[in-house]
Each structure stands twice: as structure tokens, then as C-alpha cells.
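Before any comments, here is the structure.
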């Protein structure tokens, strides 16, 4: 018996040879990525290209089994490739870099792969890779985990739902009013401490123009101007204290934010008609003990300890401001910034009669930490590698007649959705016809000789596009999607005479071209998204520009005003998660994500669920323990 | 997020290392895991995955019992093994690699045969995970685990198909879940599970959120009894009965009697269907063929899924959270279906 | 940055072009590189005729987050703007601009502008955002109106 005898029994000799000739792209060498790399190697994939931009951290080691204590701070991709050498038989190529870097990873580079495995930890990169898979029609196996929850979804471009066909959860935000005036939960105080107080004191631009004499105050009333100036200047004053480096002024900061500001809020009686009034700190509690003491980070501290710690940390940060160019960003792994935010949040909680939290807990909320474990990652990676056999048609006895026969899957037992199924495995849905990525636009590649970017004018591009696709030049709008930059439209032509180089339309840019002409029924030409690629020919001419041969259909453009309600908006149900609250997307962990159930999309004419899935839904209902809140 | 009541004796280093999972199951569960003693019987493809997962997560003590030597075909599905290891004792090859995954774990290995092990050997363990055993071996280990009141997980794979059998004898689990709609009531919820207590707790942060703390008593059957008397009759709806995956009767039939031909497998499995209260018409021809072809075949992705599921349940019961598996799970690597049956 | 956000903003521009209320204006701002920034707009809201606000056209900045239209845009008047529901920073406290309250993805720029025009003359005393204007509005109407008219002159059409 040989190394490949087991897999040969499962897929056969011919298919094994096909697998050995398969070139795959694995994006991410973290939790799911480490697991996938192992699985794909043992399955004998011919070539595996592994991309990751990250370095190894201590908190990775509870699940990323290819890494050790000694590897901390080393790049993940190259370290992973070294770690698997003992059992590896495939050709492995590691890359350190961001998958969205168009210089390192241009579209034609993606084009070399037969299949893409996503093992990413953030929404932006997932969306980007999904788009690349759509441009090139390469199958994508998308996956993600968050604690006990995980999902895996095969995406077959044009045939099945793409990543953006369903609405994605976005980080939770809170009304300004709640954060600034009427907090009622610990999270409100943490957001205030991190996004307002810390940002204003340590990470704001120092050159605020509020002192300029000719500012338009919106009033000529001297008293009013004085009052407004005072409001805006108060923050400036706090900043000045921080910048002064004068420790003796720290009680002033505490007095201002934990006494005076609260007293001001109390004056607005309407706020407290139905709410518990906050109680400002007692001036006698403010002491100037700046010794840095070590306290238990997983315990709750007394208010005296909070104030003392707040003072000593502020003093420490003031000193650091001098050394760090007057700018410190919040970082959950920077103990000083974390303890500043924790103590400030807890003092505010104390004032508003809200439960306090330990530094350990606040780190999770403020740092947007998502729990991650080895087991869920192993299961999801196993499912992703397993389904690739059917996506690549390598299981002769389980051939699919159409891509929507493939299964996606998500955890149900561990996620408390079902007690009698470990996983749910619905078949794939067809693309959502309202999907902004795969359905609302046409897609193609525009090849431009690399030497003419510095002479080709935007106007030339408009004319070439109009000639090729029969667009009306007067009604054409051109957008650079990479920076949400409008380059030209009916009311904006001042850039038309500029060259592509001047307006920074470069290889890797994706432009959205829309002819805004509509007939009386609101029908118009479907928008076209073009990926700009550089063609390397010696001396290229305008006539060497290549555009895709597409027949652009007429579609409903804007929705008529009277129908403009929820039903015309892109919406589908998502399963909410109760565990973690996201403050922003600066996350270095597994993306917060839970897989939606296969709900009917907003449009009844498509997305007809297959028989199998209908059965699935009914089974869940029989279980009677589904939670969709 | 459950905050540990007693932070145990977790050091700051441990808290930093296990940060991402402590945030899931709390410090108390992590401390419990550190004192646990687990016996892993056989370190094949699934055994490797289980060892990896529980060692990474910080299980305190692991003993690996395996008298096999490394074969050429093991290299294609077990990532601890290298070409130069062929012919050596598996435990000798795996031991330094397991240790390297997490030096905090107290690891022992044993290359003695399972058949030589007396009852006293098993006494010190809290939990046994047995892989790649045949019917008689499972019955033997289960006899001891029952006698000593030790939790037992048994698992094995047949190519794309796999199973997990669980015998925790009796286990009361506590879980917390957000209350939505009507309240959970005390009483029997299925043939093997009874809710014995429901308490409620208002969320600290958001008084609108009410959590239910549910105590569920799980009862289990020994393996031998399950093979003899297992039935699904009265446990599933008619529709569910029709949709039972072929892999369930095939696995039960194969665990009961090893057939000498595919025809015999088919005959035995039809009989199993009848015993289980299933219509033989649920059996799919290609599944019978493939199951026979793939018996005892190991496959890395399937091992990762099953090893992940078993390790997760081991961690859960040691940390005393979440309802445990009960009691027979099959996995179909074609459709990715993974039903849980109470047999 | 989501495709949905981009496509929707383009549609907002087109809709505004086809139909917007008299006396209002709204357009994307220019970036330093000369292109138009679809995520940040400027607008002007005229005070309603027959109200103490009528003499002014009030400048707004509208910033669309990447998650738009799932999340509402951030709409601001100039800092220090005198109105009970406007924070000292200029941020407007209005339910249709709050994700947790009445924001819906279908709300258009036109509806937002009209909503703010309405709010100018019909403040909501239950969502105070600044102390002086709120206090004057509750306790000293004459002083309140005097200041509003003064402010309107400052932003005269």
C-alpha cells in the first residue's frame, strides 16, 4: 500500500491525477487557513498558493496548530509552509501580502487558479475576492467561524448565490444621543470612552480651526459666540492639558468630564423625566496619586481604584504623547490605552448607575475580539476541502447535474439551532437578482497598453466605450469604485481632458460605467463594471485597447418613486448573533458572521428553493427550537 | 459572555494563550480542563485530529495508547507522520509532535496492546476516546467504562462516511440560552433527554434580555445494547423516517457484522433497517457500493470534521457546558449531512 | 467598500437630478484630486416660508458610511448651530437618521432634506441635544425666536 492508496479508493486513479494537476489559491493562513493547508496537502492538490499578510501572535496558538511560541512575530504564510514540510507532497508557494493589493495580485494572477479557498477574517477582503471570482468565473469556497459557529459556502459564479447576494451584518452603531447624554448599558460607556474621549484627547488632529477669528459662527450675538467658543474650546483645553505634560492638571480633566459635564447634562431636565439621574463624582474623591499599581485585570475594581488608575494611566499617556509625535491610537494590545478606556468607561458607568466591567471583558468589546477555537475551524476547513471534490467534479458516483445541487453548510448543534443535526446542509440558491455584485452589473476586463496611461484622456475612454457599447456620451457616468470617486457625469466634465495617469486610474482600478439614459418606463442599459488591466506591448496604441464583447441588456434602472419602499431595496434575512458586539471592522480575528438560513429573498420570482431545502426548513420547524431574532 | 466565578489558578500566561477560547467558555471551564485526564485509544487520522484539538485547547493530561507501527498508507492522512517514520511505533513518532503543540500538556504514551490492559489501567481517566476499534473491542472497553463510570466516545471512519458513538452513562448538562417566545418547561423532551430544572437570569447589560439556565439530564445506552435493540420507531416523524441517511443503517450493520461481500452487506443492512424501524427503500444503491469499497479507509477532511466534533464535545463536558452529543452521529461526506440519532 | 453603497449613491444623484424640492441644493463634494466624493455631499436647506427660519438657507454636510444604505448617513449642520435638537458639534438628533430608530434603507436624500426642514421649525423638546436652545425654547420663547431670526440672517439666501 502506498501513500495515495486511501484517496484512490475514494476518488479513483484518474481523478487523483486530475487533483494532482489542480492549482488552488488559499487566502489566509490563520485559524481556518492552517487547517485547510493540512487538508489540501493530504488530499494531494498539485499546487497550493498561500497568501497572508499577518504575523503570528500568542493568542493564535490555541488553534493555529502549525505555529509555536518560537514563531511569534514571524509571517504566517511562510511559517505555515515551513511547518508542513514533513508531510507535504504538493508544490507550495507562500506570499506575504494583502490579497487586495492589485500590484502584487493583479486580476490575471487570480486567473491562473482552478479554485479559490477563502480563509479570511474580514468583510472587505471577502467581498474583494468574491468580486475577483465573479470577474473570472472561478469557483470560490467561502468560509468563516466565530466561536462555536461556522459556515462554508461554495460559490459558483453566475450559477449560485455569491457572497454579496445576502445582506451581511454590519458593526453595531449607537445613536449619538445615547452615547453622549443618556448611556444605559456598559457598551455605551465603552464606546464613549474609546470613540469619543480617547479619540479626542490622544488621536485627534491638533490643528482645530475653532480659534480662527473670522469663523462663521452662525450668529452675531456676542454671548452666543462666547458660549459656542467655550463649548468647542473646552475640549481644546483638555487637549492642551494632555499636551502640556503637566501631571498636576490631571484632576482638572477628571473634574471636567466626570463632574462639570454631568452637571450640565443634569440641567436638561427633560432627559431625566423617565431616566435615573446620573450622580457626578464627589470632588473629594479626586486625588492625585499617580503611582502605577498592578490590579487584577479580570476583577472589578472599586471606584477609588478606577479613579486612581485613570489618573496614573493618563499621566503615563501624557508622557508618551511627547515621545510619540502627539498621536496615540487605541490598540487593544496596548495596555495603557486599554486601561485608559476601561477606567474612563467604568467611572462613567458608576456615575450613570450602570454595571462595571473588568479590563478583560472591556478588551473584548473595545478591541472587537471574536472568540475562536480549534475545533470549529477544523470542522469548517474539513467541509470546505471535502466539497471541493464535488465542485471540481472529482466524485464520479456523486456527480451534480447543476451547481445548485451542491451543499453549503453551517453549524447547528454547536450554535444551538438544532439538537438533532450537527450541521445543516441546504443546497445552494440561485443568484439574487437584486445583488449589487453578481446581478445588477455586467462585468469585464479592459486591457490598456501600459505605455498609454499617461496620454489616454478620460474623454478618449468615454468615446471608446460609447462606440463599443452604443452609449450616449452625454449621459455616461464613470466612477472609480476603489475610492468611490466620481470621474465624470452629466454635470461634471472637468476631468474629461485629463489623462488616466493624472486622475489615478491605474492597472487594478475598477470603473463603473453607466449610461443614465432611460426610456419612459425607466428602462436603460445595464451598468458595466470594468477591471483595468495593463497590457504589456512595446509601443501600444489606442487601437490596441481591448474591451470585452458583451451584449448589454436593457434593465429597469431607477425604481419609480411611488414604489420606493422596502420591497425595492436589497434585503434578506440574517441570523443575528447575541454574543459579540462589533464597534468597527479593524478586526484581526475571525470575522463575526453567522450564516443565514435559506430565506426567500425579497424577490419572489427567483430564488425558488429546491425540494431538498424545503424539506430542510420543515425539519427545522418540526424541531421547534429555531431562533430567528 | 460567561464570566468565571472562580478564576481558578490560571496564570496570566495561560490567560493570554487561551484568550480567544476563555472568552467563549470562561475561566472556570478552562481551569476544569486543565485537571482532566483523557485516554485516547489509537492515533490514526481521527485520533490525530482529536489529539491536536484537545491538546491545543489545554486539556491537562493525555495518554495515547496505540501498538501500531507507521505504514506507508498512513502518510496520506496523518499529518504527524513523515516518510522516514515508516516501520516505527506510531506513539514514538507522535509523542514529541503532540508535546510540541502545547508543552503545558502532561502527555504519556503506551505502545502496549489494548487486549493486555486490565481494568486498573483505565481507573485514572475521566474520559476515554476510542478510535478504529471493532465491535468486540468496543464492547469490551465500554464494559469497563460503564463499570468505572467513565465517559466514552467511540469513532471511526469509512472513507467519506463516519460515525460517533457516545456513552456518558448519565450526564446532567447546564446551558444558558436567550429566552425567546415561550418559556422552556420541565419534562421529557426526547427518549434520552429530560429537562429537570429551568432558572432565569436577567442580563447585566441589557435588562430586556432574559436568559434561561436549563438543566438537562441525558441518559445513554451501552454499545452492545444499542446494537441489539436500537430503534427509531416512535422517535421520528413519518417524513423524517423517510429521509434517514443510508449511512445510519449501513454503519450499524457493519459494526454488528463484518460482511464478506457487498451482497452480504446489502442483506445485513436491509435487516438492520427493519430492526431500526426504517423502510429498506431508503437505502441508496451507490451508497451501499461506496460504503463497501471505502470501509476502514481514512480520509483527512473527514477526520478533521469528526475529530473536531468529538474534541468539541469532550471539551464541553469537561468544561461542563452545552448539552452533550446523545448518542449516535453519522456523517455523509457527499451531502455533508450530519444527523444525530438517539438510539 | 460595498458595491451596494456605490450603486445606491449613484442612484441618489440621479434621483436628485430628476426631482428635488424647490430652493434646495445637494451635490457631492470635490476631493483634493479633483474627482467628486460620492460619500460626502453638501446641501442647502431653505427655512420654510412663514416661519422664523424662512430667511436662511442652512448648509448641511452629509457623510455616507461604507455600510450605507444599511446604516444612515451622518448629517451635520455647522458646529454651534442654534437649535434644541442639534449637538454643539452640529450633529442632528433626528429619528430617521438613527439606525436604531426610524432609519430605513429606502429613505432618500430628498426625504432627509425635507425632514430636516421640518425639524427646524418643529423641534422635539424630548430629545434635547444642547442646553441653551433647548432651555430658551422651553422657558423663554421670545429670546429663542430672536436668536433664531438672527441666525437666519447669518445664513441669508
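Glycine is no exception: its Cβ is also placed from the backbone N, Cα and C atoms.
Please treat TrEMBL annotations as automatic predictions, because they have not gone through curation.
The ATP binding site feature in TrEMBL is assigned to A:28-33, A:52, A:60-63, A:76, A:121-126. Marked as Zn(2+) binding site by TrEMBL: A:162, A:165, A:435, A:438. The active site, glycyl thioester intermediate annotation in TrEMBL covers A:177. Feature annotation from TrEMBL assigns domain 'Ubiquitin-activating enzyme SCCH' to A:304-363. The annotation region 'Disordered' is assigned in TrEMBL to A:592-629. Per TrEMBL, the feature compositional bias 'Acidic residues' maps to A:615-629.
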Exercise for the section: Taking the Cβ of residue A:52 (ATP binding site) as the reference point, list residues of the same chain whose Cβ is under 8 angstroms away and which are at least six residues distant in sequence. Expected result: A:27, A:28, A:29, A:30, A:33, A:75, A:76, A:77, A:80, A:94, A:95, A:96
Exercise for the section: Can you grab the distance from residue A:435 (Zn(2+) binding site) over to residue A:124 (ATP binding site)? Cα atoms, rounded to a whole Å. Expected result: 17
Handout entry: Minimum Cα separation from residue A:165 (Zn(2+) binding site), reported as the residue among recorded positions A:62, A:124, A:177 that achieves it
Key = A:124
Practice task
For the recorded Zn(2+) site, whose residues are A:162, A:165, A:435, A:438, find every other residue on that chain with a C-beta no more than 8 angstroms from the centre of their C-beta atoms, and list them by sequence position.
Solution key: A:134, A:161, A:163, A:164, A:431, A:432, A:436, A:437, A:439
Completion exercise
residue A:62 (ATP binding site) and residue A:438 (Zn(2+) binding site), compared by Cα position, are separated in whole Å by 37
Problem - Nearest-integer angstrom distance between the alpha carbons (Cα) of residue A:31 (ATP binding site) and residue A:177 (active site, glycyl thioester intermediate) - result: 39
Fill in the blank from the handout: Minimal Cβ count within 10 Å, across the recorded positions A:124, A:162, A:165, A:177, A:435, points to A:124
Exercise for the section: For the domain 'Ubiquitin-activating enzyme SCCH' (A:304-363), jot down how many residues DSSP puts in helix, in strand and in coil. Expected result: 42 helix, 0 strand, 18 coil
Problem - Candidate binding-site residues A:121, A:124, A:162, A:438, pick with smallest Cα gap to the residue listed as 'active site, glycyl thioester intermediate' - result: A:124
Exercise for the section: Taking the Cβ of residue A:62 (ATP binding site) as the centre, count every other Cβ atom within 10 Å, in any protein chain shown. Expected result: 21
Exercise for the section: Please report the DSSP secondary structure of residue A:124 (ATP binding site), reduced to three states. Expected result: helix
Problem - Proximity to chain B among recorded positions A:62, A:121, A:124, A:177, A:435, where any Cβ pair is under 8 Å - result: A:62
Completion exercise
Chain C contacts from recorded positions A:28, A:31, A:62, A:121, A:177, C-beta within less than 8 angstroms, listed by sequence, come out as A:177
Practice task
Calculate the distance in Å between the alpha carbons (Cα) of residue A:124 (ATP binding site) and residue A:162 (Zn(2+) binding site), and round it to a whole number.
Solution key: 15
Fill in the blank from the handout: Looking only at the domain 'Ubiquitin-activating enzyme SCCH' (A:304-363), mean pLDDT returns 94
Handout entry: Distance, residue A:121 (ATP binding site) to residue A:438 (Zn(2+) binding site) (CA atoms, angstrom)
Key = 22
Handout entry: For residue A:28 (ATP binding site), the number of other Cβ atoms found within 10 Å of its own Cβ
Key = 29
Practice task
Mind checking which of A:31, A:438 has the fewest other CB atoms within 10 A of its CB? They're the binding-site residues.
Solution key: A:438
